[in-house]
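**Student:** Next up is a structure, given as structure tokens.
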Amino acid sequence: MASNPDFLWCKEERKQESFFKVLKRSDMSSEDTRAIPYDFVINFSDNELSGDMKFRVQWGNSWKVKISKNPRFYFMEKSGWEKFVIDNALGDHEFLTFTHKGQMSFTVKIFNKDGKEMMQPPQSRASFASSSRVKTEQDVKREEEVLVSSDSRSRGPTTAAETNRGGSYKRKLNFGKKKAEETQTYKRTERTQNSKRTERVVSKERVYAGEPSSSVAGFKIFISKSYIKSLAIPKPFGNYMPKEKTRVKIHHPDGEKTWKVVFVVKERGQIFSGGWKRLCKEYPVVFGDTCKFTLITPLELLLVVSKP
């Protein structure tokens with residue numbers, strides 16, 4: 001019997017230790033946020049935990065973060081952690097998964113609060129600050145020019161030569177203003193295009209076509225009345241799941257709620273059964289909603305619900 005490559009990939013991924021974090025602006029640099037989960041730490045020796053963690057994101061950039069320890073837990077040192085957070089403009093309830101690849105190197109996947117995975121670096125806060133500073137200097141210069149023009153008018157009658165110079169100066173000022181407006185419009189358009197390129201998610205059609213994804217798998221489904229008790233899983237997505245009954249963890253995008261749901265394999269397909277009804281009540285999920293599931297680890301999914 002031929003083996004399923006997607007299932008083998010998930011099976012191999014399951015052997016790798018991983019943990020997740022949800023970053024909120026209010027406490028994204030606190031020691032608790034930087035803590036490394038105990039269930040993860042116990043798989044490593046003290047020697048391994050005395051060095052650095054290396055983070056690598058989907059677009060190839062990497063960061064080194066030192067590990068420290070207090071009487072209660074291991075945690076990531078603030079300097080390296082904050083550089084990673086600032087460089088990626090994090091802090092808006094992003095969902096991060098850290099998968100160990102050996103020798104304290106980690107693949108980090110970043111999901112925005114709408115469930116989309118970041119595939120390219122966002123425009124950094126530093127560049128925002130830089131553009132704001134340039135804009136401010138231009139505005140100040142423009143204001144100074146306007147003040148000079150107003151002052152010249154307040155001095156009373158002028159000669160013909162002065163009038164000509166004033167007209168030339170006014171045309172120059174208007175041209176500069178028009179040029180600045182065109183530049184700002186171009187920058188806004190460029191930022192919008194970059195933002196669209198930054199985020200990518202595997203669409204429902206791609207998963208249904210059975211095309212394997214090297215980055216993220218997921219599906220969308222409309223909730224009918226019967227789907228409140230148990231949820232049928234699209235067959236192509238089932239290729240990423242185990243071939244036997246197991247328990248999976250489903251996360252709310254706020255990072256504070258999780259549910260354990262039984263994944264059942266039947267002759268007619270796979271379903272979410274035990275625990276699903278409770279999830280629908282607590283999330284909540286109701287008839288008419290659209291659920292988007294994103295596979296973040298082999299046995300963990302992120303659920304984002306859209307209301308009609």
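Every residue, even glycine, has its Cβ placed from backbone N, Cα and C.
This is the feature table in Swiss-Prot:
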type: DNA_BIND; residues: 19-114; note: DNA-binding region
type: REGION; residues: 117-198; note: region 'Disordered'
type: COMPBIAS; residues: 121-133; note: compositional bias 'Polar residues'
type: COMPBIAS; residues: 134-145; note: compositional bias 'Basic and acidic residues'
type: COMPBIAS; residues: 149-166; note: compositional bias 'Polar residues'
type: COMPBIAS; residues: 168-177; note: compositional bias 'Basic residues'
type: COMPBIAS; residues: 178-198; note: compositional bias 'Basic and acidic residues'
type: DNA_BIND; residues: 216-308; note: DNA-binding region
**Student:** Please count the residues of the DNA-binding region (19-114) that DSSP assigns to helix (H, G, I), strand (E, B) and coil.
**Tutor:** 17 helix, 41 strand, 38 coil
**Student:** Using DSSP, what is the helix/strand/coil residue split across the DNA-binding region (216-308)?
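**Tutor:** Counting residues per DSSP class in the DNA-binding region (216-308), I get 15 helix, 42 strand, 36 coil.
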